[in-house]
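Visitor: After the structure tokens below, expect a handful of questions from me.
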């Protein structure tokens, strides 16, 4: 029995050694960290793939998952990005599952694409962020030069606009550190670059939640200002405000304390940390976000139907309603990208979709919240332009008439002088 067990053990060691050699030869990975070779060899034994079968190793999703789980447990990110081997305090975490060196070797062997979302992602962040801030500035300008006073809906939107500035900064820093590239195309220069990427991404999540919350509160305060005397409607609005506030009080701390201690989220060290299901938190947040957006949208509908206004006002109100539908549509599309929040194989590339839809939702939400407040400024400017054109037209007509009368007087004077002669 002992001889049989010993024979099996020796056979397993021989197979494992052969697999490791096969991996190194197949991938040209003599420079791969030992932990990567070890995890790959172990996973090949469990994943029904031969070390020399490149097609199987490149297409077998179960094998890639097994390798990723092993890497998270055994590999240090310092080993994989070429930093000082003594700096071995950080293990691979779920968001960075495959070490860059292993990912580059795998991409080269499997002939993976090298496209990226880097520049388009930066353009979306800058365009969406600047649009949101400019809309808030227009609202302030409109209130200052039309009504000359601010109410709670204005202050809520101003807070959202102020918080947009750090959100834009953190999003751009996230892109600077590699977001939008395939993981195998990022040349991490140090452990700190990897940790910074996840720290910026973490801060973006929190600030976005707070920005969207204050935009919704701005719209709800607007409802209270427009319809202050309808008790049932007022109670419904207040109930929605309470629900939205309670939801954000629950969700934001969950997002902040995804892991305890908090720094474990971006320091890539989770051996002793207790962490929530990040994907679950993201889906819960998105669900509450869509539910509150639907509530904000449908609240005024019964009142809008009974309003007696002109055609232009009705068109504006229904356009605002359509804007709300667009926000809900974008938020729903964003949910489809949340499955990549804990992406195993290429998180920096696959999560670009979350950024795109988040930028679009934020910009359109700012527009919906500010449109009623900006309209008086538009009307005032339109009337000023019309009056200026009218005055210009009147002046031109008077000049024409004046010129004709002077010409007539001159002609009559000339004729009189001629007759006297």
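Using the three backbone atoms N, Cα and C, a Cβ is placed for every residue, glycine included.
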Visitor: Quick check on the annotations: TrEMBL lists transmembrane segment for one of 278-303, 382-407. Which range is it?
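Guide: From TrEMBL, the annotated transmembrane segment range turns out to be 278-303.
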Visitor: Can you say which of 99-120, 121-142 is given as transmembrane segment in TrEMBL?
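Guide: It is 121-142 that TrEMBL annotates as transmembrane segment.
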Visitor: Have a look at 154-173, 174-193 and point to the one annotated transmembrane segment in TrEMBL.
Guide: 154-173
Visitor: Using TrEMBL as the reference, determine which range in 75-97, 236-258 is annotated transmembrane segment.
Guide: 236-258
